[in-house]
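A.B. asks: Before anything else, here's the structure in question.
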Amino acid sequence: MSHALKQVFNKDKTFRPKRKFEPGTQRFELHKKAQASLNAGLDLKVAVQLPPGEEQNDWVAVHVVDFFNRINLIYGTISDYCTEQSCPVMSGGPKYEYRWQDEHKYRKPTALSAPQYMNLLMDWIEVQINNEDIFPTNVGTPFPKNFLPVVKKILSRLFRVFVHVYIHHFDRITQMGSEAHVNTCYKHFYYFVKEFNLIDTKELEPLVSVRAGLGY
């Protein structure tokens, strides 16, 4: 592994503790299956497809947690450069500004700095994926009716992290020699959300030029 990639996977740089799947559980087995497909070098369009005989919600749940962990790592590598001074607004260039809204402190969409937004976002996602009522871990426990709406909200907000990193911090990613890792992670994410229709196409517009540059 190159020094740059070691930096990407450096535990000290992880923005949040990783959410792990318990060995022996169905999710753990699905996670292993997903990783095996990636490690085998399968076309990402194929790798994201639902394996025969598996439940779609289980497959989606495993990927949401995995994307949270991966994007968390990517942001962790540039977080020292994403400050109140450098990024006073959570944005993706002059055309896209993202405001934060939740059910507690920020009931109306509120303009925040990128680091403030990222902290609130990662806290919020952690609460969702650790909530047994939304992401049940026991085999046989049904997913709630609001599972997919919550998933769509999580993924659309995680996409904003990609937007901010690509548009404002990609020079840092390039300096580290980690662009191939970040590009692959984004490509995987993009094919997954398209396969299961989890993000509105209009929301994906900020990175159209990135996808064109990467050939998809």
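Every residue number used here counts from 1 along the chain in the order it is shown.
The backbone N, Cα and C atoms fix where each Cβ goes, glycine too.
Sharing the record's features from TrEMBL:
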- C82, C87, H164, H169: Zn(2+) binding site (BINDING)
A.B. asks: Around the Zn(2+) site recorded as C82, C87, H164, H169, what other same-chain residues have a C-beta within 8 angstroms of the site's C-beta center?
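C.D. replies: So the extra residues in range turn out to be I78, Y81, S86, A114, P115, V165, H168.
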A.B. asks: Which one, from the binding-site residues H164, H169, has the smallest tally of other C-beta atoms lying within 10 Å of its C-beta?
C.D. replies: H169
